[in-house]
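The domain 'Helicase ATP-binding' annotation in TrEMBL covers 304-471. The annotation Zn(2+) 1 binding site is assigned in TrEMBL to Cys534, Cys537, Cys574, Cys577. Feature annotation from TrEMBL assigns Zn(2+) 2 binding site to Cys543, Cys546, Cys561, Cys564. Feature annotation from TrEMBL assigns domain 'Helicase C-terminal' to 569-726.
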Amino acid sequence: MLEFSESTYTQRKTLFVEVILPLAISRNYTYRVPFEMNNAVAVGKRVVVQFGKSKLYTAVVAAITEHAPKKYEAKYIIEILDDNPVVTEGQLKFWSWLSEYYMCNEGEVMNAALPSALKLASETKVMLNKDFEYDKASLNDKEYLITEALSIQPELTISDIVKLLGQKTVLPILKTLFEKNIVNISEEVSERYKPRRRTYITINPAYHNQDSLRELFAILEKRAPKQADAVLAYIKLSRQQKIVSKNELIEESGSGESSIKSLIEKEVFFAEDRNVSRLGHDDSEAINEFTLSAAQQLALEEVNRSFGDKDVVLLHGITSSGKTQIYIRLIEQMVATGKQVLYLLPEIALTTHIIERLRMYFGSDIGVYHSRFNDNERVEVWQKVLNNEYKVVLGARSSVFLPFSDLGLIIVDEEHETSYKQYDPAPRYNARDAAIYLANMHQGKVLLGSATPSFETYYNARVHKYGLVNLSERFGGVQLPTIEVVSISEELKRKTMQSHFTSVLMADMALALEAKEQVILFQNRRGYAPVLMCRVCAYTPKCINCDVSLTYHKHSGKLHCHYCGYKEDSPSICPACGSTHLEYKGFGTEKVEDELSVLLPDVKLARMDLDTTRSRNSLQIILNNLEEKKIDILVGTQMVAKGLDFADVTVIGIINADSLLKYPDYRANERSYQMLAQVSGRAGRRDKQGKVVIQTYDPNHRVIKQVIENDYLDLYLTEMEERKSFKYPPYYRIINLDIKHKNAEVLYNQAEYLANELRKHFGDRVIGPEPPLINRIRNYYIKSIMLKFERDTISIVKAKAIVRDVITQFQTTKLSKGSIVQPDVDPY
Ligand code: ADP
Ligand code: ZN
Ligand code: ZN
């Protein structure tokens with residue numbers, strides 16, 4: 001049937017492909033397709049191409065044409081890696097939109113989108129030419145060293161040889177060896193992803209018959225008792241489970257590998273290698289029933305009604321109102337229509353807790369995708385989404401890049417979360433906003449959920465661009481926690497503070513602990529003390545690479561830079577004046593935990609911050625311990641604010657609210673409200689009302705009042721006045737340009753030049769250049785230029801095109817040498 005069209009293909013046509021390379025280059029390149037690959041080449045397949053002098057890369061085919069590039073001669077593609085496309089045309093469109101919107105290159109988007117196992121490593125390998133005899137005496141020392149090494153180890157990479165010889169320039173030596181025909185050089189790309197395979201055992205159907213089995217058994221018992229054990233073990237296991245793996249069999253029988261091998265040789269057992277899921281879930285689909293409360297049911301109906309005429313709906317539901325259960329109902333509805341669902345959560349909230357909760361309803365139909373997974377696991381999810389095996393994906397921000405084919409609904413839980421925005425490297429995208437575009441491409445719907453929506457989202461809901469549904473009671477009718485604000489200065493005056501804890505917080509913690517309840521303490525800084533200061537000359541140690549003071553970590557005994565990872569020993573005498581009067585100022589989570597352990601020696605303490613959750617399972621262990629009540633008091637940074645749902649947490653202490661409220665940023669009040677309301681929301685989530693203690697030097701702060709009264713609308717209305725008069729989002733769109741250079745003076749000139757060029761087009765919409773809060777990171781000085789565009793009257797597409805032109809023009813000047821310009825669209 002298709003033969004006719006195939007024969008038309010075989011006409012000798014010259015094809016070219018436009019490919020996306022995984023590099024920060026500003027355009028796509030065109031390569032020529034060798035004739036014999038004409039039939040195999042397709043949009044979305046990966047190809048190996050040479051770029052630059054000798055480097056090989058995996059690129060993705062974005063388009064096929066019959067037109068040769070005009071300005072350069074196209075090189076041939078070297079290889080096609082895929083039988084079927086791994087990137088869909090929809091994804092390519094999405095990548096292209098992201099690169100336009102966020103002002104970056106498609107290659108950068110590709111880098112973020114593809115798991116690295118789908119991008120191949122280019123490694124030059126060198127091996128001996130086995131077909132050639134050579135005279136060892138003719139070699140010089142270095143040549144000899146290389147050939148000796150190659151006779152022991154068949155392949156060496158260029159970097160191995162660099163190490164071996166202890167010198168950088170090894171290519172000329174290799175070139176001679178190559179010309180003398182002694183070695184072969186192969187630029188080889190190796191596919192790194194291998195599905196995990198496991199051997200499964202089945203019994204020969206001949207022994208399904210009881211008599212023949214008994215017969216077999218009688219023989220084996222006499223001659224090979226170990227094999228008899230293996231057969232017994234197989235029968236036992238196969239009664240309990242559908243499939244039996246070789247490893248399980250070895251473990252169950254204690255018979256050892258060789259017995260099983262013999263049985264396979266005798267054709268008693270059959271062995272079969274199969275790919276197994278790395279995600280380790282079984283197929284038992286436990287269906288767990290629940291009923292929505294009246295308020296939840298009403299909210300669900302309103303969401304559905306709202307989807308009738310809106311593509312995006314905001315579910316504004318207070319903490320513990322049971323938004324997740326509403327999501328589950330929405331997912332069920334969508335899965336029933338056969339469409340896919342993406343459920344986005346902030347990375348940190350993606351714990352087994354929520355995963356298990358969803359698996360209860362959706363069994364193995366649900367895929368999970370986040371950065372704590374290794375690459376092979378990510379490729380597996382990628383493939384299953386591509387093959388439509390997963391109907392529901394639960395994932396962190398990067399799961400917007402998965403190859404969906406028919407996305408009916410995206411849920412963005414905690415939509416206000418800053419972690420949806422990727423800051424470094426490019427693409428500097430916001431997954432919430434990207435999700436709205438993505439859903440639109442699929443003609444699907446988006447549900448944004450939050451107790452404390454971002455102002456952008458709330459604004460869109462109030463102007464009826466988005467639907468808005470409110471859910472203002474907690475599930476089970478539990479009250480929101482009571483909040484008590486305690487003045488630190490008062491308690492200091494009365495001398496009732498114990499270390500960093502007010503008498504109020506100490507008393508509330510004591511009550512909770514007595515009742516066998518749990519406590520969470522929030523402190524917005526990690527480490528022990530953020531500043532070490534000399535009392536004589538006020539010297540403070542700073543990072544050698546960045547413009548920040550170093551944080552003391554008691555655990556390591558060192559001063560750490562939180563921006564570049566630099567560490568040094570903490571000095572015991574002041575390097576500036578020689579005084580020994582050094583003191584620690586300020587305090588982080590480590591110090592809070594430390595002092596608590598002195599004040600409450602019998603209490604089980606734990607800490608949750610970046611330092612304690614670096615390794616793969618550490619976060620999970622802390623959460624399990626909290627669940628199993630092996631922790632009485634958990635001290636943590638903003639991590640503790642995110643979605644934790646534990647029944648016995650009744651008291652929350654905010655050690656110092658001022659560090660949030662005083663942050664120099666136009667969003668400080670919005671952020672502080674979100675943080676305080678979210679942390680408070682962890683208390684009293686089941687049957688008992690919780691208690692929150694906010695410690696502050698500024699108890700009359702407006703935002704604290706708004707938190708106490710749970711008055712989000714009041715916060716929103718007052719803040720929006722300021723946003724309007726000071727020209728900030730949501731009324732204005734912001735694009736930040738960070739310019740970086742190693743030399744401060746050069747940077748100054750570059751930044752001034754760029755700002756002036758931009759002013760020619762945009763006038764006083766250009767602000768700066770100004771040094772950012774931290775004006776040197778990793779030895780690069782930084783200047784920021786801020787652009788503000790009226791949301792309603794300026795075409796942002798046109799404005800971006802001009803900004804792009806100005807940057808490109810700047811990059812052709814001599815002045816731009818050594819500079820990095822990073823646009824950040826909708827900075828967060
Ligand atoms: P939110 O995300 O709005 O903060 P959750 O969805 O985590 O709230 O719900 C809070 C708690 O109430 C959870 O432990 C959840 O299991 C429980 N819950 C919510 N709705 C129901 C329901 N309809 N039936 C049973 N339990 C529910
Ligand atoms: Zn000093
Ligand atoms: Zn640093």
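Count begins at 1; order follows the chain as displayed.
Cβ coordinates are placed from backbone N, Cα and C, and glycine is handled just like the others.
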Worksheet item: How many whole Å apart are the CA atoms of Cys534 (Zn(2+) 1 binding site) and Cys543 (Zn(2+) 2 binding site)?
Response: 16
Worksheet item: Going through the binding-site residues Cys534, Cys546, Cys564 in sequence order, which have a CB under 6 Å from an atom of ligand 2?
Response: Cys534
Response to the item:
Integer Å value for the Cα distance linking Cys546 (Zn(2+) 2 binding site) with Cys574 (Zn(2+) 1 binding site) is 20
Fill in: Local confidence of the prediction over the domain 'Helicase ATP-binding' (304-471), expressed as mean pLDDT
91
Item to complete: Starting from the Cβ centroid of Cys534, Cys537, Cys574, Cys577, the recorded Zn(2+) 1 site, name every other residue in that chain with its Cβ within 8 Å, sequence order please.
Response: Arg535, Val536, Ala538, Tyr539, Pro575, Ala576, Gly578, Ser579, His581, Leu582
Worksheet entry | Listed binding-site residues Cys537, Cys574, Cys577, filtered to Cα within 10 Å of Cys561 (Zn(2+) 2 binding site) | none
Discussion item. Just to confirm: which same-chain residues, 6+ apart in sequence, have a Cβ under 8 Å from the Cβ of Cys537 (Zn(2+) 1 binding site)?
Written reply: Cys574, Ala576, Cys577, Ser579
Practice prompt. Pick out which of the binding-site residues Cys534, Cys543, Cys561, Cys564, Cys574 has the most other Cβ atoms within 10 Å of its own Cβ.
Written response: Cys543
Practice prompt. Output the one of Cys546, Cys577 that, of all these binding-site residues, has the highest number of other Cβ atoms within 10 Å of its Cβ.
Written response: Cys546
Worksheet entry | Check: same-chain CB within 8 A of Zn(2+) 2 site center, minus Cys543, Cys546, Cys561, Cys564 | Ile544, Asn545, Val548, Leu550, His562, Tyr563, Gly565, Tyr566, Ile777, Arg778
Worksheet item: Which binding-site residues among Cys534, Cys537, Cys546, Cys577 have CB under 6 Å of ligand 3?
Response: Cys546
Worksheet item: Helix, strand or coil at Cys574 (Zn(2+) 1 binding site), per DSSP?
Response: coil
